Amino acid sequence: MGTSIFLSLNSMLRKGCAKWRLLLKVLWRSFLLFLIGVFVINPNYCLGPLSLSNLRIFGVLQRLSLTYLVVSVLELLFIKAMPNNFTSGGAWAPLQDVVMYWPQWILVILLETVWLCLTFLLPVPDCPLGYLGPGGIGDFGQYPNCTGGAAGYIDRTVLGEEHIYQHPSSNVIYQSTVAYDPEGLLGTINAVVLAFLGLQAGKILLFYKDQHNQIIRRFFIWGIIMGIISAILTKCSQNEGFIPINKNLWSISYVTTLCCFAFLLLLLIYYLVDVKKLWSGAPFVFPGMNSILVYVGHEVFENYFPFKWKIDNRSHGQHLAQNLVATSLWVLISYVLYKRRIFWKI
């Protein structure tokens, strides 16, 4: 998302589109994403009117919506249309893709500071300061109602316990009884950081267009930097360290680890597709052209045949096979839509 935000906004600015028009488009798209997300994650949308008393407010698309909004607005505040043959000299030339946007970095660092302060300094009733655990029987059952620490507490206080996810993974694994939303408010801050680092990848592609060695070198350097940060935060451990990797909390170490692999994977794909031209990107390009439709379709029909069928005593292998079939079907559907030039965009 972050990469495409930079490329698309810059392209429209070069075509002469005014910033205020782009802002309106961003606001409208964010609103639609959020609205679609609300309907998708509340299961009674096919059975009748939505019940406002227990309506889940946040979810995956809602997080994408807010992330898209924040990162796009941040970019519109400081972006300048770049010509196709952009060049820059001077002592800061090797870091031009960072230095030219230093106010953005300051704001993102401040945003991350807010996450750190709330996560580790916000007092949560009956919970230790900075608690990052699952509650329930985790930590020998000392903090059964502390699921998610500050992140869970903020969601339950701001949104209300009835309006967040009622069946988190900690219910099954740690027998917790407290509602917790893995796509809640606090974790969205780090989702913004993740998308902002994707924005950096887009800048690299545009600043050093057709300079393959420069692009590959920078993707590699960013991947290594993110990996080093992750190693420091986690002390190279799975569940220990200063800030453990935790997807449910969307911890900053989780973000830097994702970014490490994302930069290195993007490097590999760029090398194969753009430099050596050994691969067209198929079949991933097909669902990529209809990503919202495929995601919404999966969420709506995931429990229906032929995407899912009943298997007694299902093993991991059978579960894997079922998901591979469902994924292949959505790739096939997206391929048919691609060939017919049918694209659902918002």
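Cβ coordinates come from backbone N, Cα and C, glycine included.
TrEMBL lists 22-41 (among others) with the feature transmembrane segment. Taking Cβ pairs closer than 8 Å, the transmembrane segment (22-41) reaches residues 9, 12-13, 50, 55-57, 59-62, 64-66, 68-69, 72-73, 76, 292, 296, 299-300, 346 in its own chain, all 6 or more past its ends.
For 61-79 (among others), the entry in TrEMBL reads transmembrane segment.
Annotated transmembrane segment per TrEMBL: 100-122 (among others), in sequence order. If one looks beyond the transmembrane segment (100-122) by at least 6 residues along the same chain, the residues whose Cβ comes under 8 Å of a Cβ in the stretch are 74-75, 77-78, 88, 129-130, 132, 149-151, 153-154, 186, 189-190, 192-193, 196, 203, 249, 252.
Marked as transmembrane segment by TrEMBL: 185-208 (among others).
The transmembrane segment annotation in TrEMBL covers 215-233 (among others).
Through the fold, the transmembrane segment (253-272) approaches residues 3, 190-191, 193-194, 197-198, 201, 215-216, 219-220, 222-224, 226-227, 229-230, 233-234, 241, 243-247, 278-279, 281 of its own chain, all at least 6 residues removed from its boundaries and within a Cβ separation under 8 Å. Annotation source TrEMBL lists transmembrane segment at 253-272 (among others).
Sequence annotations record features per position, and here TrEMBL assigns transmembrane segment to 284-301 (among others). Long-range contacts of the transmembrane segment (284-301) within its own chain (CB-CB distance under 8 A, at least 6 residues past either end) are made by residues 33, 36, 40-41, 60-61, 307, 326, 330-331, 333-335, 337-338, 342-346.
Cβ atoms under 8 Å from those of the transmembrane segment (321-338) belong to residues 283, 285-287, 289-290, 293-294, 297-298, 302, 306-309, 311, 314 of the same chain, restricted to positions at least 6 beyond its ends. Summarising the annotation, TrEMBL assigns transmembrane segment to 321-338 (among others).
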